[in-house]
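K.L.:
A single structure is presented below for examination.
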Amino acid sequence: MKKNRFTYGLALGALGVVFGDIGTSPLYALKVTLSGIPINQFNILGVLSLIFWSLIIIVSFKYLMIIFRADNDGEGGILALLALMKHKSTKYQPLFYIVAIFGAGLLLGDGMLTPAISVVSAVEGLGTLSDKLYPYVLPIASVILVLLFSLQAKGTARIGYLFGPLILIWFITIAILGILQIVEHPVVLQAINPYHAIAFLVDEGLRGYFLLGGIFLVVTGGEALFADIGHFGKNPIRFSWFFIALPCLLLNYFGQGANLIVRPEEISNPFFMIAPPWFYLPLIIIATVATVIASQAVISATFSLTKQAVLLGLCPKIPIVQTSMLHSGQIYVPQINFILFIGTMAFCLAFKTSDNLAHAYGIAVNLEMLLVDAMVAYAAVSIWRWSTFNVIFLFGLFLLIDLAFLGANTHKFITGGWVPIVLAFFIAFIMYSWRYGLEYLRDNFYMNKEDISKILKQLQYKSLNQLPGVSAIFITDVYDKSGGSFLHFLKLNRSVPENVLIVNYIVDNIPYVHYSQRYEIVCLDEKVCKLVIHYGFMETINIPRSLEKACNKNILPFKFNVDTATFMVEIPNIMASKEKRSLSFYWQEKLFAFLMRNYSANLNIEFYKLPYNRTIAIGTYCIL
């Protein structure tokens, strides 16, 4: 398969994008976990053992070996997984639809917290230079984040190729710092033995269990491995993890532990304290660059997730800007960028330190991992045809581990973790209302219309006033399968262009559609045709470009020039009515009506890439 190809360039690229988040966890994870308990050899070995086995079981085994199997034709992520289940026509689709949109909301919440905790933790290294610099940590971090979000509209095409080498420098740096400490105190290598993890949990009891909330911070970012399969492929990601990221992370964690065994007072900032004093400033700079790259990767992943949601019809057609002519995956979503910016800055200003942010971080990622586990477990039974016993045994273990971490993370809900969860519920509700509203619109306003060919006969189509030399392209939306824009045009004008093409697009439950499966055409009359254009959920919808290719391939029965044709789109005005109940709640109808009014006219034209000077919007009125 194409997505399974391997090159060192792809592996380096994966290093810069996929592992930025999990790769910067050493800045704060061990510090947060060990805070509040005695810093002694027994506790340090226990915590290091838990870190080691968490990375091995959750990331190395569960994600890279099992979850990676659940790709959708080379694409990963929770929405791609939902599309896979729809494509395979599995049962319980409505249930997994709810699960997937809630998971997508959780990832958006994570996109606010990750830049905040990453950048703040890096800039906190200034405190190692002088205590007088601590008051400047938050202002400097805020300036960096403002610049980061402000530059999103420019794209990363010019500097994106540097991400891999820069993160490689980061991993090599933290590995060397760890090795220097391990050589002096090799006793920490005993932590590889799982006995130390078990003994620590038994000895600490309930307090040790809740420390798993800190341990979980070392695997946050692991969910990005699955989501980024489509960008780099499975094998480059696996190579980067097993040969670079995993060894370097373990060396650094163990190095921090080795230093704390002999210098427990350095728990205030164990990451920076393992470096020699002369290297503090260069390390702060390298760490800041690494956290900015990690934040950029999370922001880009959120943009990509939003595009998938729009194309799959899960949310309104919000503006999506292509920032690169060469790479379709490089996009900018202004409204999502603004939401992430406001959320990230609010977290920074409210929590102020990485320690405080850590008390809110992780629970959203934990829930998302749990949801992915459940969906992949069902895919293993219904799609892969694994035996029920094997699925229960394997995924039962995964779910047990994730539930254990979730229980340990529950206290984070009241210390700030509620924000991404509430946001996830809000986003899921918007997606649900949008999807349900479109289905109601289709079933009650468009599905019951008579077939166009019958209407053309009733109207005695050939006797209508003809507009010679005029070609019109009528675009129908996802909820309209009957050519509503064309019918409204006939009703209003009682005349027809010489050539009429009714275009409907369908986003299939696969990432990319082959050219041979792109077009379906049905001729309703000599000069009236209905064309269905198929897209994948990772593609960019461009109606004029697709029509131009169709004309060049002589797919259409008549010739017309796309550059001079007129495009027609229908703009429905939805009104909520208290007299009749269409959706679950009146305010849900109001929400859907608001979304339709604000994301129809101009955005439809932008979404389809139609020329403004040759596009006519036809209004219609619907009462829910």
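The backbone N, Cα and C atoms fix where each Cβ goes, glycine too.
Pasting the relevant annotations from Swiss-Prot:
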TRANSMEM  10-30  transmembrane segment
TRANSMEM  48-68  transmembrane segment
TRANSMEM  94-114  transmembrane segment
TRANSMEM  133-153  transmembrane segment
TRANSMEM  159-179  transmembrane segment
TRANSMEM  210-230  transmembrane segment
TRANSMEM  242-262  transmembrane segment
TRANSMEM  270-290  transmembrane segment
TRANSMEM  331-351  transmembrane segment
TRANSMEM  363-383  transmembrane segment
TRANSMEM  388-408  transmembrane segment
TRANSMEM  413-433  transmembrane segment
K.L.:
Should anything in the same chain at least six residues away from the transmembrane segment (413-433) have a Cβ under 8 Å from its Cβ atoms, list it; otherwise answer none.
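P.N.:
Those are 98, 101-106, 108-110, 112-113, 309, 314-315, 343, 347, 350-351, 356-357, 359-364, 367, 583, 588, 591-592, 595, in sequence order.
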K.L.:
Look at every Cβ pair spanning the transmembrane segment (270-290) and the transmembrane segment (331-351), keep those 6 or more apart in sequence, and say whether at least 3 of them are under 8 Å.
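P.N.:
Contact between the transmembrane segment (331-351) and the transmembrane segment (270-290): absent, because fewer than 3 Cβ pairs are under 8 Å.
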K.L.:
Tell me whether the transmembrane segment (48-68) sits in contact with the transmembrane segment (331-351), defined here as at least 3 Cβ pairs under 8 Å among residues 6 or more apart in sequence.
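P.N.:
Since fewer than 3 Cβ pairs under 8 Å link them, the transmembrane segment (48-68) and the transmembrane segment (331-351) do not come into contact.
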K.L.:
Give me the stretch from 210-230, 331-351, 388-408 with the greatest number of Cβ pairs under 8 Å to the transmembrane segment (94-114).
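P.N.:
Answer is 331-351, with the largest number of Cβ pairs below 8 Å.
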K.L.:
Which residues of the same chain, at least 6 past either end of the transmembrane segment (363-383), have a Cβ under 8 Å from a Cβ in it?
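P.N.:
Residues packing against the transmembrane segment (363-383) from afar: 58, 62, 66-67, 69-70, 78, 81-82, 84-85, 88, 90-92, 96, 99-100, 102-103, 106-107, 109-110, 113, 216, 220-223, 226, 390-391, 395, 398-399, 402-403, 405-406, 409-410, 412-413, 417, 420-421, 424.
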K.L.:
Other than its close neighbours in sequence, what residues sit by the transmembrane segment (133-153), given a CB gap under 8 Å and a spacing of at least six beyond its ends?
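P.N.:
For the transmembrane segment (133-153), the far contacts come to 115-116, 119-120, 123-124, 126-127, 288, 292, 295-296, 299, 321, 323, 332, 334, 337, 340-341, 344-345, 348-349, 352-353.
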